[in-house]
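*Asks:* Below is the structure I would like to discuss, written out as structure tokens.
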Amino acid sequence: MMRNTLVLLLSVLLLQLGRTFSQGGAEEDSADDQSNPSQLTPKPTPTLTPTIRLLSQECVSEKHTRLSCDKVFCLPWQRCIKGQCVCKIPYQCPRIRPAVCGLDKRNYLSLCHAQAIACRDNRPVFSHYTMLGTCEESFEVSLEVLKNEQVVHVKTFGERALICDSESWNMPAANVICRQVKSDARGAQSLGTIKLEDVAEGRVQTSVRKCISVSCTGAEHSLAECVLYKPRLITDSTPVATVICYTGQKDSKECDGFRCVNTKCIKWKYICDGVDHCGDNSDEMCCTDCQNGAFYCKTGVCLPKSAVGDQIRDCLGGEDEVETSTHVNEARPRSDGLAKVSQPEVTPEPEFWSNPKEDILKLRNHTETLQCGIPNMAYIHKTEEETRHRRQKRVVGGEEALPTQIQWQVAVEDEGKIHCGGAYLGGCWVLTAAHCVRQKPKAFRIKFSLWKKLSLLSTTDSVPVKNIIIHRDYNPRTYQNDIALIQLEELANQKECLYPNPAVRSVCVPWSPLQFPPNHTCTISGWGRNKKGDSVNILKWANVSLIPNCRSYYKERFFDGMMCAGDLEGHVDSCQGDSGGPLVCKDANGVSYVWGIVSWGENCGEAGFPGVYTKVAYYFEWIRQHTGWPAVTKYNQ
């Protein structure tokens with residue numbers, strides 16, 4: 001009797017487990033099905049879905065979208081302020097022709113001017129280029145209902161057309177159409193195709209015998225802003241585009257998949273595939289890896305294949321424009337100082353009807369003109385006397401630099417003595433640590449192209465200081481906000497502060513705290529003391545790694561705006577005398593950024609005590625406010 005009872009109980013338990021497993025297997029298929037009723041049985045936790053592992057949950061909680069310029073570039077009619085892309089005032093746009101027509105049938109100076117207004121008003125403005133026709137007509141988009149979906153129609157100068165079923169008919173394009181027609185930022189629920197003959201059977205406008213192909217990024221306000229190809233004739237068997245716009249409740253808590261920042265709910269299988277399903281790109285912003293052949297940026301963003309090698313830099317580090325045969329950490333600048341980028345395969349030139357992407361490339365090339373972070377390779381020289389002591393392994397654990405090797409390194413001379421270093425940002429600005437200076441400019445001079453502290457090169461220059469700007473919240477007891485700007489004195493009757501010098505180049509200023517990930521290999525340099533406390537005469541450098549979780553080593557002594565670098569075994573470290581000097585990281589295109597400033601540490605060169613640096617990107621806004629936009633960044637201006 002007892003045996004029968006046990007068998008019965010075991011059968012009931014197995015049946016219940018089977019039901020639970022069945023419910024878990026159906027989760028992904030119903031993720032964004034708005035027609036399914038709410039189920040009484042709780043769904044399994046999303047962490048069981050394999051694609052969820054592609055996401056960084058900490059990043060997701062920060063609600064990043066395509067406007068998060070800590071992760072992506074802003075459009076040319078936007079600029080990056082405090083980690084967000086904000087709209088420019090139209091007059092801040094460069095006057096780069098051609099002129100364009102608006103949907104309001106007005107004439108605008110350029111695409112940038114029209115898009116700046118669209119950005120600020122959150123409405124589509126651009127219609128077409130004036131070279132295509134007058135502003136009396138405009139580009140129109142409409143949806144014709146056919147059963148459960150809608151056929152997309154466009155009108156150009158009195159001529160109607162449908163949207164072709166091409167490789168570029170995808171969710172970003174569908175999102176743009178629904179965003180324009182329905183004024184809903186969440187865009188489309190799904191997209192599809194239908195044969196022209198089936199359109200005719202549905203009694204939708206049957207006189208249309210042409211279609212155009214479109215290519216959208218998903219960031220556009222309207223279809224007119226996408227790349228549009230010339231119309232082509234179609235037959236009854238030609239498939240054309242259909243779309244179903246998203247209608248989910250914005251305040252609904254039911255979502256079996258990924259909840260986008262704009263509240264749209266999409267299936268888990270659509271995340272981190274390089275395709276903007278959300279409509280705000282939030283499904284591609286917090287990835288630990290990419291799927292379906294999408295391109296992975298080091299900031300955790302997945303790009304579509306079409307964005308790779310298209311001459312427009314999308315990854316903050318430029319990985320998407322570097323030759324695929326070169327590992328991103330091994331990229332090197334060319335001898336002409338320009339980063340070598342991949343070239344698209346030569347294909348027949350498509351017949352564009354309108355291509356705003358060309359204008360975007362022109363705008364970025366126009367604004368991204370600041371030259372920094374590339375040394376003058378032709379001027380790194382060696383002589384017999386200068387190379388006798390090179391590469392003495394023992395900055396601690398480092399090597400002696402070659403003359404003029406580190407061309408942005410400066411020495412901060414205080415009343416004739418050098419105790420600190422700094423980084424040249426260009427123009428009249430030098431970056432250093434706050435604890436290296438005081439409000440007495442006349443006591444300081446900045447030495448450029450200095451190799452040995454006690455002797456000068458032919459390229460060495462000594463420049464007086466005009467002003468010293470110490471961060472107002474600098475705490476000398478805790479080293480919080482240990483950062484300062486040194487403004488150099490101008491040359492007589494000139495705006496410049498330095499004479500042209502082939503051995504001096506500026507280093508770039510990072511604007512995003514995500515530009516270089518943990519464990520990235522960077523370089524430190526300086527004239528600091530060694531482990532024994534002996535002074536070093538020749539400039540030294542060493543490679544170090546960016547160390548994550550620095551708070552675990554220094555506990556309550558570690559604050560926001562600080563970071564760690566070195567190695568935990570203590571082989572490489574910065575020491576006393578290196579203070580204020582640069583920690584420089586190089587991106588995939590070989591461009592160098594001053595990622596950190598030597599600040600403080602304990603037990604120089606000992607295991608378990610990594611060096612602590614001021615994190616420069618954390619202070620980008622502070623630097624920009626004092627130096628101005630053009631002085632510190634070529635991007636997001």
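Including glycine, each Cβ sits where the backbone N, Cα and C put it.
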*Asks:* Going by TrEMBL, which one of CYS226, CYS245 is joined to CYS216 by a disulfide bond?
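*Replies:* Candidates were CYS226, CYS245; TrEMBL matches CYS216 with CYS226.
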*Asks:* Quick one: TrEMBL says CYS278 makes a disulfide with which of CYS255, CYS260, CYS297?
*Replies:* CYS260
*Asks:* Measuring Cα to Cα, how many angstrom lie between CYS278 (disulfide bond) and CYS216 (disulfide bond)?
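*Replies:* Between the Cα atoms of CYS278 (disulfide bond) and CYS216 (disulfide bond), the distance comes to 14 Å.
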*Asks:* Near CYS226 (disulfide bond), how many other Cβ atoms are within 10 Å of its Cβ?
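*Replies:* CYS226 (disulfide bond) is surrounded by 24 other Cβ atoms within 10 Å.
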*Asks:* Sort out for me which one of CYS216, CYS260, CYS272, CYS278, CYS287 has the most neighbouring CB atoms within 10 A, since those are the disulfide-bonded residues we care about.
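*Replies:* Of CYS216, CYS260, CYS272, CYS278, CYS287, the one with the most crowded Cβ is CYS278.
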*Asks:* What is the interatomic distance between the Cα atoms of CYS226 (disulfide bond) and CYS287 (disulfide bond), given in whole Å?
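*Replies:* Approximately 26 Å lies between the Cα of CYS226 (disulfide bond) and that of CYS287 (disulfide bond).
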*Asks:* So, three-state DSSP: helix, strand or coil for CYS287 (disulfide bond)?
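*Replies:* DSSP call for CYS287 (disulfide bond): strand.
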*Asks:* DSSP says what for the domain 'Kazal-like' (86-137): how many helix, strand, coil residues?
*Replies:* 17 helix, 11 strand, 24 coil
